[in-house]
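Per TrEMBL, these features apply:
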- 30-49: transmembrane segment (TRANSMEM)
- 61-82: transmembrane segment (TRANSMEM)
- 137-158: transmembrane segment (TRANSMEM)
- 221-241: transmembrane segment (TRANSMEM)
- 263-281: transmembrane segment (TRANSMEM)
- 293-312: transmembrane segment (TRANSMEM)
- 318-340: transmembrane segment (TRANSMEM)
- 352-374: transmembrane segment (TRANSMEM)
- 380-403: transmembrane segment (TRANSMEM)
- 413-433: region 'Disordered' (REGION)
Amino acid sequence: LAQSLFALFASSLAISLVFAIIPLCHNVVVLAVVMAVAGLAMGCIDTISNMQLVKIYQKDSAVFLQALHFFVGFGALLSPLIADPFLSDTNCILSNSTANASSNLPHIRKSLVPHHPGNLSHYDLPMKGMVVTRVSYAFWIMALINLPVPIAVFFLLYKERMVPCFSSSSHPLLSADELAMETRPTEKDDLSTAVQRPQAAGGHDDLFSCCQSKNFRGASYTYFAVHITGALVLFMTDGIVGEYSGFVYSYAVEEPLSVVHKVAGYLPSLFWAFITLGRLISIPVSYRMKPATMVFINVVGVLITFLLLLIFSYSVVFLFVGTASLGLFLSSTFPSMLAYTEDILQYRGCATTVLVTGAGIGEMVLQLLVGSIIHDRGSYSFLVCGMIFGGLAFTFYAFLLFFHRMYPKPSADLDDASPDKPAITDDTGQYQH
């Protein structure tokens with residue numbers, strides 16, 4: 001836990017520093033290096049936060065994962081609104097040709113909203129002159145907004161007596177949490193806790209314990225199959241999130257829809273708004289519904305939505321309805337999938353790393369793939385690709401259900417479906433509701 005919190009502190013502080021430095025980068029190579037550091041930091045935060053929630057709260061982690069990813073979507077919805085006042089509607093560089101080129105800027109600006117500029121080579125923009133942009137302020141404001149995060153993590157480290165210089169601080173916070181890892185066991189569970197505690201003491205303190213080869217010795221093929229199929233499901237669904245938010249604007253402005261640029265610019269915002277809304281709704285729903293059921297509803301909903309989008313591909317109204325529907329169905333897929341897979345594997349935290357990595361790769365690869373296909377085959381292929389990815393996600397989920405049925409049950413006489421009974425694991429020790 002100490003290693004994870006120190007990694008979160010360093011990563012969140014690095015993001016504030018990166019956002020403060022970005023406006024000062026006048027070389028594309030330096031900017032690329034700075035952005036790579038930001039990507040590494042965000043990847044660490046994504047993996048560690050998901051993994052620790054799973055290891056701390058175990059069977060109750062589904063609710064906390066839904067809350068975590070609600071704030072992910074909420075931030076993705078708010079950050080463009082924070083930056084928008086500082087984006088110029090006129091040229092960022094003043095020159096003699098400013099008057100001729102200024103009419104192109106509204107379209108270029110809307111093209112940049114969904115992170116896909118498209119082919120802008122036919123716009124004549126001045127490259128020399130006086131710079132009048134105020135976009136630097138947007139980065140500095142985001143750096144300041146993020147700064148309370150590393151401060152809060154450091155405060156948690158301080159309260160937990162994990163900072164070497166302040167080891168004699170006040171009482172720790174997590175000792176009072178009934179759902180924490182070090183909960184006091186009941187008399188009935190004293191024996192099982194005593195057996196598990198030596199293993200937990202050695203395994204929990206190591207952040208990379210799940211990567212050790214000794215954990216794979218004697219593992220059945222279904223153990224690896226659950227990891228792989230779970231990662232492939234998120235590869236497809238998170239890839240759909242990336243490619244849809246990135247290319248729905250480009251699809252809308254092209255024929256046959258030919259939506260006005262200003263109206264099409266609302267589509268990515270609508271998509272993220274319903275992702276955020278869906279994650280908010282999923283917080284109470286996940287308390288009553290099993291993660292496996294939620295994932296099934298999500299992947300089927302995504303498949304049906306893309307099918308209807310293909311059928312009504314000439315309807316602008318249904319494009320907006322389908323965008324909202326797709327956002328709702330994709331919203332809770334990641335946290336529900338994470339909770340379901342970790343439940344199968346007894347909350348060891350290893351699956352979290354594999355699933356987060358698979359989701360990140362999917363978000364990167366599918367955007368590149370769809371972008372090249374749209375360039376070669378036209379805008380209609382955007383929906384065809386989404387339909388194929390949705391079908392693959394459903395197929396991989398069906399394989400996951402199959403491997404779940406074949407996965408060996410834990411030796412302890414516990415009812416995994418009941419949240420009222422403890423789940424004993426090798427890594428986190430005793431869990432008590």
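The backbone N, Cα and C atoms fix where each Cβ goes, and this holds for glycine too.
Predicted automatically and left uncurated, TrEMBL annotations should be read as such.
Listed by sequence, the residues of this chain that lie at least six past the ends of the transmembrane segment (380-403) yet keep a Cβ under 8 A from its Cβ atoms are 222, 225-226, 229-230, 232-233, 236-237, 239-240, 243-244, 247-248, 250-251, 292, 295-296, 299-300, 302-303, 305-307, 309-310, 313, 341, 366, 369-370, 373-374. With a cut-off of 8 Å on Cβ pairs spaced 6 or more residues apart, the transmembrane segment (61-82) and the transmembrane segment (318-340) reach 3 or more such pairs and are scored as touching. Take the transmembrane segment (293-312) and the stretches 30-49, 221-241, 318-340, 352-374: counting Cβ pairs under 8 Å, 318-340 has the most.
221-241 is the stretch from 30-49, 221-241, 318-340 with the greatest number of Cβ pairs below 8 Å to the transmembrane segment (352-374). Using a Cβ-Cβ cut-off under 8 Å and counting only residues 6 or more beyond its ends in the same chain, the transmembrane segment (30-49) has close neighbours at 4, 7-8, 10-12, 14-15, 18-19, 21-22, 68, 352-353, 356-357, 360.
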